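Participant: Dropping the structure in here first, questions after.
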Amino acid sequence: MTDRPITNVNLLAPTAQARGCAAGGCAPKPAPLDESENEPREECGVFGVWAPGEDVAKLTYYGLYALQHRGQEAAGIAVGDGSQVVVFKDLGLVSQVFDEQTLGAMSGHVAVGHCRYSTTGSTTWENSQPIFRTTDAGTGVALGHNGNLVNTAELAARAREIGIKSSAATSDSDVVGALLAHGAADSSIEQAALELLPTLKGAFCLTFMDEHTLYAARDPHGVRPLSLGRLDRGWVVASETAALDIVGASFVRDIEPGELLAIDADGVRSQRFAEPTPAGCVFEYVYLARPDSVIHGRSVHSARVDIGRRLAREHPAEGDLVIPVPESGVPAAVGFAQESGIPYGQGLMKNAYVGRTFIQPSQTIRQLGIRLKLNPLREVIRGKSLVVVDDSIVRGNTQRALIRMLREAGAAEVHVRIASSPVRWPCFYGIDFASPAELIANGMESEEGMVEGVRQAIGADSLGYISIDEMIAATEQPASSLCAACFDGNYPIELPKESSLGKAVLEQMLAAAGDGVDPLTKPNDNVSAVMRP
């Protein structure tokens with residue numbers, strides 16, 4: 001990414017050449033094109049490692065690689081060596097942001113990493129993570145966040161009232177980092193965290209660090225997963241257990257809701273900052289997490305196969321072939337085929353190289369839509385009655401285009417079965433769903449009317465969704481310990497008024513200030529310590 005080594009500063013950006021700047025100025029890097037823009041999208045993945053004697057930067061890189069599915073807008077790594085914290089981050093995939101030279105220049109014994117998909121704050125370099133702050137004592141603090149806070153506006157107002165300077169960043173994570181560093185002015189980072197964490201409302205899994213110590217914290221509801229792993233010479237924390245596997249760490253346990261961990265030369269310290277009231281996201285099992293991860297003792301792959309079996313019992317279909325919408329629909333399709341006795345087959349080929357790209361698409365390319373991503377195997381599906389299993393329907397655009405494509409390829413019938421309940425409500429805890437008005441299942445009063453309306457809209461011969469009860473049963477978790485708000489509208493964490501929610505809440509606060517010189521936008525570490533073009 002850069003032709004120069006990382007020098008002794010707290011925070012670095014890539015060079016102008018690496019960021020695509022032309023002479024005379026640097027235009028903002030374009031937001032990525034998401035070929036799966038009609039699907040629900042996770043916010044972030046977090047990773048942390050404390051391991052003296054190990055190459056912690058590379059371990060973090062590999063950990064983030066394993067978590068890339070959780071966020072593709074930006075990536076960053078912070079490393080501490082006992083005397084300083086160095087941060088390197090940029091917009092793009094993990095493999096686009098880091099190279100051997102950059103990683104080789106980041107030496108230390110403790111690191112945190114982050115891959116981002118935004119739910120609060122726009123897609124800018126400043127909003128990429130880990131965010132960086134310094135305390136009044138000169139200690140560096142780097143922080144990564146998975147989740148979404150619902151009291152960001154309240155926290156930002158508090159920061160303004162006590163005179164905290166902020167950066168050009170407009171994310172909830174930046175506000176948390178600012179308050180944490182401010183609280184550590186008269187105490188330790190650990191004590192400041194114990195005082196701050198109970199004031200955060202919403203979903204959060206945090207990995208943060210100073211020059212010496214790795215910290216990890218999970219909100220009292222445990223909305224997002226966070227696990228602790230053991231290395232031969234250290235410890236790892238990660239959003240998913242699959243990331244532990246990738247770096248050769250053994251799973252120790254889930255970090256508990258309401259728990260703060262501190263990891264240093266004295267070992268692992270655990271403190272409770274709030275009583276747990278579990279409400280883990282059921283959509284992690286359905287779609288968000290990797291199938292090779294384990295959440296609260298339940299294999300995600302096994303849960304999805306079980307969902308498929310239950311779906312076949314609830315909504316049987318007559319067909320010649322069960323095919324998945326790859327890749328997320330594969331386990332449920334396997335389960336559906338096993339339970340129904342209908343043969344399982346591969347009817348769609350996925351282009352493995354179509355994902356998120358920073359190349360601006362032409363209108364012609366946009367019109368290709370799903371054809372860029374999937375292509376039917378005509379000789380397999382021609383003349384057959386298909387049972388198509390997908391993980392979810394959000395807007396319905398993807399399914400409509402897919403069914404049209406299958407019919408054009410010769411399918412006699414297309415019966416759609418969905419391995420989740422109808423998505424009727426937005427998520428405020430870390431998933432970037434469509435707005436309520438764009439959710440195809442939203443606003444329809446009766447269940448039967450909704451299903452028939454969606455069936456007609458996507459052009460299927462029949463449509464069946466798994467029920468909420470059966471979906472939850474497949475997780476093997478008590479319903480009382482799960483959040484299914486996007487399906488049933490029952491939000492376990494109280495929401496503020498609508499004007500205090502949304503991706504642009506801090507940008508809106510800035511605009512409302514009117515003078516353009518709000519204290520929350522005065523420069524501090526997040527820009528002044530950066531070697532900019």
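Numbers run from 1 along the shown chain.
Just so it is clear, glycine is given a Cβ too, placed from its N, Cα and C backbone atoms.
Any TrEMBL annotation is an automated prediction that lacks curation.
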Participant: According to TrEMBL, ASP390, ASP391 bind Mg(2+); which one of SER328, SER340, SER446, SER462 is annotated to that same site?
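Facilitator: Checking SER328, SER340, SER446, SER462 against TrEMBL: the Mg(2+) site match is SER328.
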Participant: Rounded to a whole angstrom, what is the C-alpha distance between SER328 (Mg(2+) binding site) and CYS44 (active site, nucleophile)?
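Facilitator: Given the Cα positions, SER328 (Mg(2+) binding site) is 18 Å from CYS44 (active site, nucleophile).
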Participant: Sorry to bug you, but what's the C-alpha spacing from ASP391 (Mg(2+) binding site) to CYS486 ([4Fe-4S] cluster binding site), rounded to the closest Å?
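Facilitator: Computed Cα spacing between CYS486 ([4Fe-4S] cluster binding site) and ASP391 (Mg(2+) binding site) is 14 Å.
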Participant: Enumerate the residues of the same chain, CYS281, CYS427, CYS483, CYS486 excluded, that satisfy the criterion Cβ within 8 A of the mean position of the Cβ atoms of the recorded [4Fe-4S] cluster site; list them in sequence order.
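Facilitator: Leaving out the recorded residues gives VAL223, VAL282, PHE283, TYR429, GLY430, ILE431, ALA484, ALA485.
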Participant: Among the recorded positions CYS44, CYS281, CYS427, CYS486, which residue has its Cβ surrounded by the fewest other Cβ atoms within 10 Å?
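Facilitator: Least crowded of the recorded positions CYS44, CYS281, CYS427, CYS486, by Cβ count within 10 Å, is CYS427.
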Participant: DSSP secondary structure for CYS483 ([4Fe-4S] cluster binding site), reduced to helix/strand/coil, please.
Facilitator: strand
Participant: Rounded to a whole number, how many Å is the Cα of ASP390 (Mg(2+) binding site) away from the Cα of CYS44 (active site, nucleophile)?
Facilitator: 23
Participant: Give the number of CB atoms, excluding that of CYS483 ([4Fe-4S] cluster binding site) itself, located within 10 Å of its CB.
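Facilitator: Total other Cβ atoms inside 10 Å, all chains included: 24.
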